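Q: Structure incoming, see below.
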Amino acid sequence: MQLNPSEISELLKSRIEGLGASTDVRTQGTVVSVTDGITRIHGLSDVMQGEMLEFPNNVFGVALNLERDSVGAVVLGDYTGVSEGDQVKTTGRILEVPVGPELKGRVVNTLGDAIDGKGPINTTQTDIIEKVAPGVIARRSVSQPLQTGIKAIDSMVPIGRGQRELIIGDRQTGKTAVAVDTIISQKGKGVTCVYVAIGQKASTINNVVRKLEEHGAMEYTIVVAAAASDSAAMQYLAAYAGCTMGEYFRDRGEDALIVYDDLTKQAWAYRQVSLLLRRPPGREAYPGDVFYLHSRLLERAARVNEEYVEKFTNGAVKGKTGSLTALPIIETQAGDVSAFVPTNVISITDGQIFLETDLFNAGVRPAINAGISVSRVGGAAQTKVIKKLSGGIRTDLAQYRELAAFAQFASDLDDATRRQLERGKRVVELLKQPQYQPLQVWELAVSLYAVNNGYLDDVDVAQILAFEKSLKDHLKAKHAALIQRIEDTKELSKDDEAELAAAVQDFKKHGAF
């Protein structure tokens, strides 16, 4: 058998041409179908799980299902321009968002693009949205307080920096109000805030941004908005994008606070994406990994130690701990906290603040049920003066709730029971607080001191809040040094306590009450 040189060259040429084509096929594919923002792509044999894909007309997607002969991907943004037969390219990158201090004061979408009409964001740094949470060795215990400025929370359910505290309740019980008040309360405290709005009406998000601007809170806040009109994929990924933006500050030895409003809608969006990708449904039609959806997100909120920060910054920041505090919000249906998603998130977080419709309708706002609200780690981080003064509040409230139920049926009550009921009524009234008015530490300390020491026992229940306001005005006018000391030291020394007692007695004697 003789080989013709021309045949050999032709054979090699065809082999080389075929080699080039096969290499191209591995990084380029064809859209087979498009349905509700989900595309099925053939030919992307080199794609990674979670990789960004480039569609025509500068549209991007994320590969979520890697199957034998096709890839299931979600389109981020408008999918109406994507059609069958379009060419799709791999990018070799996991989904990233811009990070850095330049984002403060801006409203961005899930991809970090500005949507507030104030022009592009000038940041050069980006980071991936899916990251592994810090390990056990990298963490520090929660020991620094994060003041919410809300009387009921700071006294009974204290939150520490690096904690995950769930806010749970039915619709229209004031969940967002608690979170927004907490953001406003961080003014001047060196805490960067991230507010992630998931599946909300655009008008509602606009109202929150406007309120934050009114109270000067937008200058240290980033708003990540995935409105109800955005695709399910954008809503599901928004929480991870916001978390990455908050982690930027945590990893550099700073403190950050992130609010997820709310994770129920994120779970709904993820369920929608999973069902469209034809993943097998489980309980309540959620996919099997819905617990992991929330656990991998909330575990990224942590207080990290000095070694972690120093290693991350290559020695640029030394001797500083960083923290990311998370306030996830969950919406329940008819108070059912034993549903699938609420029980998942309760088990992941370090405590929960439970808001009740009945209390809200009765005018107790914030409508916090102190009996079943708990902070598992915040006690160690509570401000000393508040810890000292708030011990009796929860007990008074618990006894009042118990006795109030019996008092409805009993006609004659003994004096001790009557006193407890009267004290309880005053505690409930004192813990009421108008929205957008978070308190400073000294204001909360004075209120707790007055109720604990019986100074409110002879004040009419309807006059409690007016008494509290007048007392604070009196202290501002005549005892400015005292309240400044309490605010600075966060403690109540014996001398200061004696001065405070004298000041309250003087106010009661010569004031309007």
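Cβ from N, Cα, C; glycine included.
Swiss-Prot lists these features:
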- GLY169, ASP170, ARG171, GLN172, THR173, GLY174, LYS175, THR176: ATP binding site (BINDING)
- SER373: site 'Required for activity' (SITE)
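Describe the structural context of these features.
A: Around LYS175 (ATP binding site), the same-chain residues six or more apart in sequence whose CB sits under 8 Å from its CB are ILE167, ILE168, GLY169, ASP261, ASP262, ILE329, GLU331, LEU355, listed in sequence order.
In the three-state DSSP reading, SER373 (site 'Required for activity') counts as coil. Around SER373 (site 'Required for activity'), taking its Cβ as the centre, 22 other Cβ atoms fall within 10 Å, counting all chains.
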Q: Given THR173 (ATP binding site) and SER373 (site 'Required for activity'), what distance in Å do their CA atoms have, once rounded to a whole number?
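A: Approximately 15 Å lies between the Cα of THR173 (ATP binding site) and that of SER373 (site 'Required for activity').
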Q: Far apart in sequence but close in space: which same-chain residues, 6 or more away, have a Cβ under 8 Å from ASP170 (ATP binding site)?
A: GLU331, THR332, GLN333, ALA334, GLY335, LEU355, GLU356, THR357
Q: When DSSP is mapped onto helix/strand/coil, what comes out for GLN172 (ATP binding site)?
A: coil
Q: Can you name every residue in this chain, apart from GLY169, ASP170, ARG171, GLN172, THR173, GLY174, LYS175, THR176, with its Cβ inside 8 Å of the center of the Cβ atoms of the recorded ATP site?
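A: Result: GLU331, LEU355, THR357, PHE360, ALA367.
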Q: By the count of other Cβ atoms within 10 Å, pick out the sparsest of the binding-site residues GLY169, GLY174.
A: GLY174
Q: For the binding-site residues GLN172, THR173, THR176, which one has its C-beta crowded by the most other C-beta atoms within 10 angstroms?
A: THR173
Q: Could you round the CA separation between SER373 (site 'Required for activity') and THR176 (ATP binding site) to a whole angstrom and send it over?
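A: That separation, Cα to Cα, works out to 17 Å.
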Q: I'd like the number of other C-beta atoms within 10 A of the C-beta of ARG171 (ATP binding site), please.
A: 11
